[in-house]
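Taken straight from Swiss-Prot:
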type     : residues : note
COMPBIAS : 131-151  : compositional bias 'Acidic residues'
COMPBIAS : 344-362  : compositional bias 'Polar residues'
REGION   : 129-163  : region 'Disordered'
REGION   : 266-286  : region 'Disordered'
REGION   : 341-377  : region 'Disordered'
TOPO_DOM : 1-18     : topological domain 'Cytoplasmic'
TOPO_DOM : 40-75    : topological domain 'Extracellular'
TOPO_DOM : 97-174   : topological domain 'Cytoplasmic'
TOPO_DOM : 198-228  : topological domain 'Extracellular'
TOPO_DOM : 250-377  : topological domain 'Cytoplasmic'
TRANSMEM : 19-39    : transmembrane segment
TRANSMEM : 76-96    : transmembrane segment
TRANSMEM : 175-197  : transmembrane segment
TRANSMEM : 229-249  : transmembrane segment
Amino acid sequence: MSWSFLTRLLEEINNHSTFVGKIWLTVLIIFRIVLTAVGGESIYYDEQSKFTCNTHQPGCENVCYDAFAPLSHVRFWVFQIILITTPSIMYLGFAMHRIARQPDEQIRRLEKTKSKKRAPIIHRGAMRDYEEAEDNQEEDPMICEEEEPEKDSEKGDKKKHDGRRRIKQDGLMKVYVLQLLFRSVFEVGFLMGQYVLYGFEVIPFFVCSRNPCPHTVDCFVSRPTEKTIFLLIMYAVSALCLFLNLCELFHLGIGGIRDALRQKRKEIQESRKKKPSAPPNYHSVLKKGKLPNGKPVFPGNGVSEGFEMPVHELDRLRQHLKLAQEHLDLAFHLNPSADIAHASRSSSPEANSIAAEQNRLNLAQEKGVGSREKSGL
């Protein structure tokens, strides 16, 4: 008997199943298909020819064997394998049809996302302020490209999972659970049928009184102990497959609950709005230009628009700016290096502070002029 076609189908099921499903498939192939094909055929090949009765009445042995085994053990197990694998084969056909119907653009997009490399980071050079101060008659680039080193994000994207997320993403979860339920029902049904037909033991002799036997005759079975052991093994394999089906259902249920909780927690985290962070050295530059309530004076700020700086504050700012400018001029005269001077002017904290205070002064003057015009009207 050839099992190649069924084996190829079961191998395709392995690509669309969970980790527990792969274990079930291994048990099915090794302990059911191979064991039934190899061990069953060799053990039960002479089950009827070696079934002898202590009579020479024609037809009596055939009738007694039919009463002893209404269905051959091997044929029963082959029929069991076919019915149990039918839901999985139907699921495989549906999965292949569902995946084939997906748009080609979506498939190409997924492949492009996997194979896409990170684009280089383009930004303004960090040392451009200092390079501009160089008088080397060379044009410095305004932007520079920096290739970001490959991180272990691919490992994070390729999280090790047992195929449950892939089944869910392909929209096959309901069909997968349905075929698990059918498999479990078939397992229970065949376990009960095997017990009703054969029990847990192959008896060494069978008493038969059917027609056309002239009287009650005793019939003897070949290798009853070996057949009993093989029968118990098939009981254990069926129970193991049923247990794996129940474990897989439990695993899918727990995984679905975890995904729901994780999605809810992610939505809560996304709903919390984070305050925008200021650029580097922003607060250090504007720390002197704060209002009495602690907010910086900045155009567009609703609080600063209604704030008018007093006259004595304006005078104090003018004096401070004048004094700071004198200190800077004195420092520049003492240091004749134009490069250092230009770099100091462009990047020194004092120059940044003076620029910020000058902006404050201009803003305050504009506010004062505007308020005087309104009062004059």
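Glycine is no exception: its Cβ is also placed from the backbone N, Cα and C atoms.
Here the transmembrane segment (229-249) has Cβ contacts under 8 Å with residues 18, 20-21, 23-24, 27-28, 31-32, 35-36, 39-40, 43, 73, 77, 80, 84, 177, 180-181, 183-184, 187-188, 190-191, 194, 198, 200-202 of the same chain, all six or more residues outside its ends. Listed by sequence, the residues of this chain that lie at least six past the ends of the topological domain 'Extracellular' (40-75) yet keep a Cβ under 8 A from its Cβ atoms are 197-198, 206, 208, 210-215, 217-223, 226-227, 230-231. Beyond the ends of the topological domain 'Extracellular' (198-228), by six or more residues, the same chain brings 43-44, 46-47, 50-55, 57-61, 63-65, 67-69, 73, 235 to within a C-beta distance below 8 angstroms of the stretch. Across the topological domain 'Extracellular' (40-75), DSSP helix (H, G, I), strand (E, B) and coil residues number 16 helix, 2 strand, 18 coil. Under DSSP, the residues of the topological domain 'Extracellular' (198-228) split into helix, strand and coil as follows: 6 helix, 8 strand, 17 coil.
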